[in-house]
Amino acid sequence: MNSIFVLIAGIVAMALGYFIYSKFVAEKIYKLDANFRTPAHEFEDGVDFVPTNKFVLWGHHFTSVAGAAPIIGPAIAVIWGWVPAFLWVIFGTIFFAGVHDAGAIWASNRNKAKSIGALTGDIVGKRARSLFMIVIFLVLLMVNAVFAVVIAGLLVDFNSAVIPVWGAIFVALIIGQLIYRKLVGLLAVSIIGVVALYALIGLGPVFPIALPETFIGLSDRAQWIMILFGYAAIASLLPVWMLLQPRDYINGLQLFIGLILLYAAVLIAGPNMVAPAFNTDLPANTPSMIPLLFVTIACGAISGFHGLVAGGTTSKQLDKETDARFVGYFGAVGEGSLALAAIIAACAGFATFGDWQAIYHSFGQGGVNAFVAGGASIISEGIGLSENLAQTLLTVMAVLFAGTTMDTGLRLQRYIFQEWGAIYNISWMQRVVPATLLAVGACLLLAFGAGGADGSGGLMIWPLFGTTNQLLAGLTLLVITVMLVRYGRPMYVTLIPLIFLLVMTVAALVLQLHTFYNQQDWFLFGLDIVVLIAAILIALECGSVLNRLRKGEKELE
Amino acid sequence: MARKIIEVSKLGKVKAFWRRANAFAEEAYNAPYRSAIARAQRDQDDLFMLLVYSELMGIPNPATFYTMELQPLMLERFHEWHIRMGMEHSPLDNMRCC
């Protein structure tokens with residue numbers, strides 16, 4: 001089938017979702033009220049609570065949730081064929097992610113803009129709050145390890161991107177200074193930044209840089225992983241305005257440019273989907289599509305990470321409550337469209353079915369490298385950039401996303417360690433540098449332990465990361481469901497996704513447990529057990545809370 | 001002459017558009033990090049306040065001669081600080097702000 005049809009079908013479905021279903025949910029279920037005094041107005045302090053233009057807020061919400069994950073997940077999941085991945089991304093975005101994101105903003109907005117973690121404690125109970133914290137820690141741990149492995153793989157496979165990827169850090173540092181010292185207006189700075197970044201992208205293919213194949217016993221991937229964590233540790237210690245803020249801003253611009261380029265190239269070139277609609281010739285180690293598809297694609301269909309952004313920051317800046325629909329639901333649609341682009345790139349960017357099969361030779365393969373290779377061939381065909389340049393461009397886009405997430409993730413993890421230090425009275429753990437080293441150590445252990453460092457294992461850990469993400473989403477949906485019941489409104493809009501997610505996540509974890517046992521991969525086996533225990537506890541918590549609600553005991557506590 | 005006026009207003013329009021786009025970009029740049037930066041600034045201000053009031057807590061301060069005149073100016077911020085720290089009244093016996 002021609003990829004233009006896939007693209008248009010996806011966009012039309014998501015547009016219908018936004019114009020019809022989100023209107024229904026916003027008006028009839030959440031009953032968003034334009035006259036409600038939002039926390040941004042009620043507690044306006046110029047620091048946390050600031051009423052913000054809804055387009056700015058949408059841009060922020062979208063760029064902080066759309067990173068490398070909605071690219072990697074779909075690009076791995078197409079191994080079952082493109083139709084299942086396509087359907088889950090589209091229906092997931094319409095009935096799961098949009099409802100979840102807008103609902104998280106609404107729930108937080110109606111509760112003094114508290115974070116979803118705090119809301120879980122207030123609305124569901126103390127046990128649920130502890131579970132929430134454990135799952136967040138697991139998500140952060142895995143996201144840092146997985147992204148380091150992904151970036152290392154990209155830098156080895158597409159070494160033309162090494163110069164622009166690291167050069168982008170210097171561009172960001174300079175931009176940060178220009179803005180901080182108010183030397184140049186922001187629009188001019190944005191143009192300078194984008195031009196500088198693209199100049200570096202042009203320079204990359206001329207001077208490709210490859211690390212030695214082995215150095216003190218470390219493979220080139222392992223060396224990159226060490227360098228990346230070294231960078232992330234230093235970056236997470238710098239003040240945010242110096243590097244993180246300008247980097248994030250350029251990434252946002254880059255996201256829009258990359259998406260427009262990809263979509264335009266697909267529309268002009270119109271390549272055929274060479275991957276099968278349903279893959280009947282699955283590699284031997286591929287697990288069953290149901291339930292694994294629903295945890296392999298987390299971001300792009302539904303992801304709990306969004307709830308953290310929605311509750312922690314977005315809801316504190318909501319100007320009008322009705323903006324929650326645009327910011328939350330349309331933010332999810334934005335991410336769905338990125339996932340859709342990833343599916344098309346990974347399925348239509350190869351010349352023949354044989355080429356595609358050579359990449360997807362076993363489960364956990366493909367991923368972001370297939371997205372870059374496929375997307376680059378579409379861009380070079382559609383827009384006429386040389387393939388090498390297009391590869392560099394897409395690699396830079398993916399690496400910058402993943403790199404910024406690592407920076408943020410390591411920062412958050414350091415806070416968690418520092419907090420533990422405070423709780424358990426361990427004075428050295430409260431200090432910044434030791435806490436950072438602990439966080440880096442934990443992530444390194446996971447990155448190497450999960451077999452990503454030598455590049456042979458593929459991303460076996462990816463579905464496990466998806467499960468933690470889905471558990472987080474499940475907890476957020478539970479909060480929204482309980483609120484809906486208390487307001488006396490129909491709860492099926494969030495209850496059905498919640499049950500579906502929990503069943504699929506637990507099933508996927510059990511199935512994975514079996515696989516890891518057979519492979520005798522005790523590291524991932526142990527990790528799986530930890531996540532499985534959390535999942536079962538969350539399922540029990542959901543069951544008991546909903547049971548209490550059903551019995552009419554509406555006042556919990 | 002008339003043509004020139006039109007040109008000026010066109011230029012004005014472009015300038016106005018540039019200004020608006022700039023303001024939008026600035027908002028997009030600052031909104032996500034406003035709270036983190038403001039909090040970091042607040043921490044530094046608190047440290048500075050400690051320096052100014054250090055003698056009141058028995059910490060010798062070689063710069064007292066210079067910081068003394070800042071004390072009344074920082075009283076309001078001191079009040080804000082002890083409220084933020086969860087103390088209803090000033091924790092210092094020899095200094096009352098409320």
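Placed from the backbone N, Cα and C atoms, the Cβ positions cover glycine too.
Taken from TrEMBL, the feature domain 'CstA N-terminal' covers A:2-347 (among others).
The transmembrane segment annotation in TrEMBL covers A:6-26 (among others).
Annotated transmembrane segment per TrEMBL: A:86-109 (among others), in sequence order.
Feature annotation from TrEMBL assigns transmembrane segment to A:130-155 (among others). Residues 68-69, 72, 116-117, 120-121, 161-162, 165, 221-222, 224-225, 228-229, 232, 304-305, 308, 367-369, 372, 395, 398-399, 402-403, 405-406, 409-410, 412-413, 416, 439, 442-444, 446-447, 450, 452-453, 455, 459, 461-462, 464-465, 468-469, 471-472, 475, 530-531, 534, 537-538, 541 of the same chain sit 6 or more residues outside the transmembrane segment (A:130-155) yet have a Cβ under 8 Å from a Cβ within it.
The transmembrane segment feature in TrEMBL is assigned to A:187-211 (among others). With a threshold of 8 Å between CB atoms, the same-chain residues lying at least 6 positions outside the transmembrane segment (A:187-211) that come near it are 156, 159-164, 167-168, 171-172, 175, 178-179, 220, 223-224, 246, 249-250, 253-254, 257, 386, 388-389, 392-393, 396.
Annotation comment: TrEMBL describes A:223-244 (among others) as transmembrane segment.
According to TrEMBL, the feature transmembrane segment maps to A:256-278 (among others). Residues 1-4, 6-7, 78, 80-84, 194, 337-338, 341, 344-353, 355-356, 360, 375, 377-379, 381-383, 393-394, 397 of the same chain lie 6+ residues outside the transmembrane segment (A:256-278) yet bring a C-beta within less than 8 angstroms of a C-beta in it.
Feature annotation from TrEMBL assigns transmembrane segment to A:290-314 (among others).
Within the chain carrying the transmembrane segment (A:326-353), a Cβ under 8 angstroms from the stretch's Cβ atoms is held by residues 3, 6-7, 10-11, 14-15, 17-18, 22, 25-26, 54, 57-58, 61-62, 65-66, 70-75, 78, 82, 85-86, 89-90, 92-93, 97-106, 255, 259, 262-263, 266, 271-276, 297, 299-301, 306, 310, 314, 318, 359, 366, 370-371, 373-378, all 6 or more beyond its ends. The feature transmembrane segment is assigned by TrEMBL to A:326-353 (among others).
Per TrEMBL, the feature domain 'CstA N-terminal' maps to A:365-508 (among others). In the domain 'CstA N-terminal' (A:365-508), helix, strand and coil residues by DSSP number 116 helix, 0 strand, 28 coil.
According to TrEMBL, the transmembrane segment annotation covers A:431-453 (among others).
Look at TrEMBL and you will find A:459-485 (among others) tagged as transmembrane segment. For the transmembrane segment (A:459-485), the list of distant contacts is 29, 69, 72-73, 76, 96, 100, 103-104, 106-107, 110, 116, 119-120, 123-124, 128, 131-132, 135-136, 138-139, 142-143, 145-146, 149-150, 287, 292, 294-299, 302-308, 311, 363-364, 367, 446, 450-452, 491, 493-495, 497-498, 501-502, 504-505, 508-509, 512, 521, 524, 527-528, 531, 534-535, 538, 541-542, 545-546, 549, 554, 556: same-chain residues at least six beyond its ends, Cβ to Cβ under 8 Å.
Annotated transmembrane segment per TrEMBL: A:492-511 (among others), in sequence order. Long-range contacts of the transmembrane segment (A:492-511) within the same chain, counting only residues at least 6 positions beyond its ends with a Cβ under 8 Å from a Cβ of the stretch, are 25, 29, 95-96, 99-100, 103, 287-288, 290-292, 294-295, 302, 463, 466-467, 470-471, 473-474, 477-478, 480-481, 484, 528, 531-532, 535-536, 538-539, 542, 546.
Under the heading transmembrane segment, TrEMBL lists A:523-546 (among others). Below 8 angstroms of C-beta separation, residues 124-125, 127-128, 131, 134-135, 138, 446, 449-450, 460-461, 464, 467-468, 471, 474-475, 478, 481-482, 495, 498, 502, 505-506, 509-510, 512-513, 516-517, 556 of the same chain, each at least six residues beyond the ends of the transmembrane segment (A:523-546), sit close to that stretch.
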| request: Take the transmembrane segment (A:431-453) and find every residue of the same chain, 6 or more past its ends, with a Cβ under 8 Å from one of its Cβ atoms. | output: 141-142, 144-146, 148-149, 152-153, 218-219, 221-222, 225-226, 229, 232-233, 236-237, 410, 413-414, 416-418, 421, 459-461, 521, 523-524, 527
| task | For the transmembrane segment (A:86-109), could you work out the same-chain residues 6 or more beyond its ends whose Cβ comes under 8 Å from its Cβ atoms? | result | 6, 10, 13-14, 16-18, 21-22, 25-26, 30, 32, 36, 38-39, 61, 65, 74, 77, 115-116, 119, 293-294, 297, 300-303, 306-307, 310-311, 314-315, 318, 321, 324-325, 327-333, 335-336, 339-340, 343, 473, 476-477, 479-480, 483, 493-494, 497, 501
